[in-house]
Amino acid sequence: MSDPIIEAVDKHPAPKGLQYTYGTAGFRTKADVLDSVLTRVGLVAALRSRSLKGKWIGVMITASHNPPEDNGVKLVEPLGNMLQEEWEVLSTEMANKTGGEEVAKFYSDMAAKYNIDLETPARVVVARDTRASGARLLGCVQDGLKAAGAEVKDYGFLTTPQLHYMVRCLNTEGTKDAYGTPTEKGYYEKFGAAFKTALKGKKASGSLTVDCANGVGGPKLTELIKYLPPKEEALEIHVVNDNVIKPEALNVDCGADFVKTNQRAPPSSKTDPNDRCCSLDGDADRVVFYFKDSNNVFRLLDGDRIATLVASFLGDQVRLAGLADSIKIGVVQTAYANGAATQYVEQHLKLKVDCTPTGVKHLHHAAEKLDIGVYFEANGHGTVIFSENTLDTIANYEPKNPGQAEALSVLRACIDLINQSVGDALSDMLLVEVVLAHKSWSTQEWLNTYTDLPNRLLKVTVKDRNVFKTTDAERRLTSPEGLQEKIDKEVQKVRQGRSFARASGTEDAVRVYAEAATKAEAEDLARKVAELVKVAG
Ligand code: 16G
Ligand code: MG
């Protein structure tokens with residue numbers, strides 16, 4: 001009898017000479033060399049589910065902010081977290097096996113090594129973004145899943161955070177931790193209702209224009225709007241760049257990555273000064289806000305700004321609820337956070353700041369150790385997570401007066417409004433709107449909370465980026481030898497200087513970040529450090 005696994009794998013042969021790596025964002029590369037990877041990911045997903053006694057595992061087909069011709073895939077753990085690191089390594093090994101027989105052997109070896117009973121049911125949820133290659137790649141995953149005998153739920157098009165939500169809902173259904181109804185409607189109802197409750201009858205000032213990167217966030221936001229309170233009572237949203245009929249427009253001259261990298265609005269943007277705007281990325285797990293000020297100057301409110309805004313608001317509500325002694329809030333950042341943001345949180349908000357290496361999973365793990373962990377990367381990836389104890393405290397606390405009752409009710413609604421499974425651009429966007437409405441703040445007032453230090457990010461091409469090894473949450477280099485000392489010397493030459501270099505996890509390059517008291521000093525420092533990196537690499 002022929003082995004269905006060998007058959008499925010050989011139906012989608014791997015291109016010769018390519019090496020695949022499950023990196024910070026899963027597998028991601030040109031879509032036309034991904035078929036073999038997707039079939040094997042189907043096998044890994046089935047094994048992972050069996051290793052967890054049939055819990056639902058998620059497979060998301062997306063390449064986020066990458067160009068339209070790319071695609072990718074990532075696996076989601078039962079509570080909506082990113083794949084465990086050990087399984088990232090196994091996925092990489094699986095992706096690089098040559099043919100059907102090798103893969104089938106690896107599959108049974110893995111089962112033996114991890115004591116996985118291949119008779120246990122395997123359950124896998126799949127979804128994809130709007131890329132043209134998505135349908136074909138879905139077919140490849142399906143072939144793998146079918147060969148492994150997995151039960152499959154295909155949700156069609158979803159944002160990445162919606163898929164994480166479905167996975168968490170499916171695995172908690174009927175338990176005391178039930179997260180919601182595992183349907184798209186369930187998602188919209190949950191977040192729409194929480195938005196309404198959290199607003200407490202307050203109305204956002206002006207309207208919000210949302211650039212959807214011509215990705216899956218567009219149609220999903222349009223749907224979500226139907227579940228929000230009427231715009232006259234709450235928030236008027238204009239959806240732009242939502243053309244998913246033209247997949248070649250995805251992330252082109254629009255979206256969160258374009259705005260953050262180029263520090264300007266999409267060229268298509270037609271807003272007036274002081275109009276509030278935000279941009280999602282291609283799979284809607286990142287969001288940044290921005291506006292043109294009264295002098296027509298572009299102003300960015302990135303992930304650092306969202307973190308400080310949200311941390312200050314939640315801090316106020318916890319205090320107003322009378323819970324400041326039992327609940328501590330902390331903020332988690334990466335080295336890319338602007339020094340002024342870090343200082344604002346520590347000195348003005350008087351909250352603890354943790355710094356972790358780049359990549360959502362690192363921030364998420366650090367945030368899990370806090371009562372309330374607000375974590376955002378400067379690029380707009382992030383969310384807030386609440387510990388079990390904190391959730392219990394907030395759920396059970398008896399308010400002593402109407403003020404405490406009101407704050408408690410806001411906190412409870414915020415918990416529902418914040419997607420606990422993963423950073424979610426749509427949910428983060430609504431949270432920002434709630435905070436601005438409560439504070440009656442314009443974007444200018446939000447911006448005025450502190451002044452960013454001028455900074456510069458450069459990309460340096462080197463012979464081998466793997467020789468660049470870091471410590472201290474990527475803030476210092478341990479290799480190449482002697483390079484860090486040279487960087488330190490340059491940093492000391494400028495006022496309020498800070499600089500670091502790290503190998504990119506997604507591109508073949510080393511990234512250099514520098515900030516200083518003035519633009520000229522920051523630019524100069526970045527250039528000098530880039531030069532040092534180039535010579536050393
Ligand atoms: C990935 C990460 C993102 C990080 C970026 C850094 C996830 C889901 N995504 O896109 O958080 O900021 O990589 O890219 O973890 P780099 O290593 O090229 O600088
Ligand atoms: Mg993304």
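Using N, Cα and C of the backbone, Cβ positions are placed for all residues, glycine too.
Model, not experiment: these values are computed from the prediction.
Counting only same-chain residues six or more apart in sequence, the Cβ atoms lying under 8 angstroms from the Cβ of SER64 (active site, phosphoserine intermediate) belong to ALA25, ARG28, GLY72, ASP129, THR160, ASP281, GLY282, ASP283, ASP285, ARG286. Annotated active site, phosphoserine intermediate per TrEMBL: SER64, in sequence order.
For SER64, ASP281, ASP283, ASP285, the entry in TrEMBL reads Mg(2+) binding site. Cβ neighbour count for ASP281 (Mg(2+) binding site): 32 (other Cβ atoms within 10 Å of its Cβ, all protein chains included).
According to TrEMBL, the substrate binding site annotation covers GLU377, ALA378, ASN379, ARG502, ALA503, SER504, GLY505, THR506, ARG511. When Cβ atoms from all protein chains are considered, those within 10 Å of ASN379 (substrate binding site) total 21, not counting its own.
The predicted model assigns the domain 'Alpha-D-phosphohexomutase alpha/beta/alpha' (57-86) a mean pLDDT of 97. Residues or ranges marked as domain 'Alpha-D-phosphohexomutase alpha/beta/alpha' by TrEMBL: 57-86 (among others).
What TrEMBL records for 110-174 (among others) is domain 'Alpha-D-phosphohexomutase alpha/beta/alpha'.
Annotated domain 'Phosphoacetylglucosamine mutase AMG1' per TrEMBL: 182-288 (among others), in sequence order.
The feature domain 'Phosphoacetylglucosamine mutase AMG1' is assigned by TrEMBL to 302-441 (among others).
The annotation domain 'Alpha-D-phosphohexomutase C-terminal' is assigned in TrEMBL to 459-531.
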With respect to ligand 2, which members of the binding-site residues GLU377, ASN379, ALA503, GLY505, ARG511 satisfy a Cβ distance under 6 angstroms to one of its atoms?
none
Taking only the binding-site residues ASP283, GLU377, ASN379, ALA503, GLY505, which have a CB closer than 6 angstroms to any atom that belongs to ligand 1?
GLU377, ASN379, GLY505
Run the contact check on the domain 'Alpha-D-phosphohexomutase alpha/beta/alpha' (57-86) against the domain 'Alpha-D-phosphohexomutase C-terminal' (459-531): 3 or more C-beta pairs under 8 Å, excluding pairs closer than 6 in sequence.
no
Checking the binding-site residues ASP283, ASP285, GLU377 for other Cβ atoms within 10 Å of each Cβ, the smallest tally belongs to GLU377
So how many other Cβ atoms are close to ARG511 (substrate binding site), meaning within 10 Å of its Cβ?
23
Residues in the domain 'Alpha-D-phosphohexomutase alpha/beta/alpha' (110-174) per DSSP class, helix first, strand next, coil last, are 31 helix, 13 strand, 21 coil
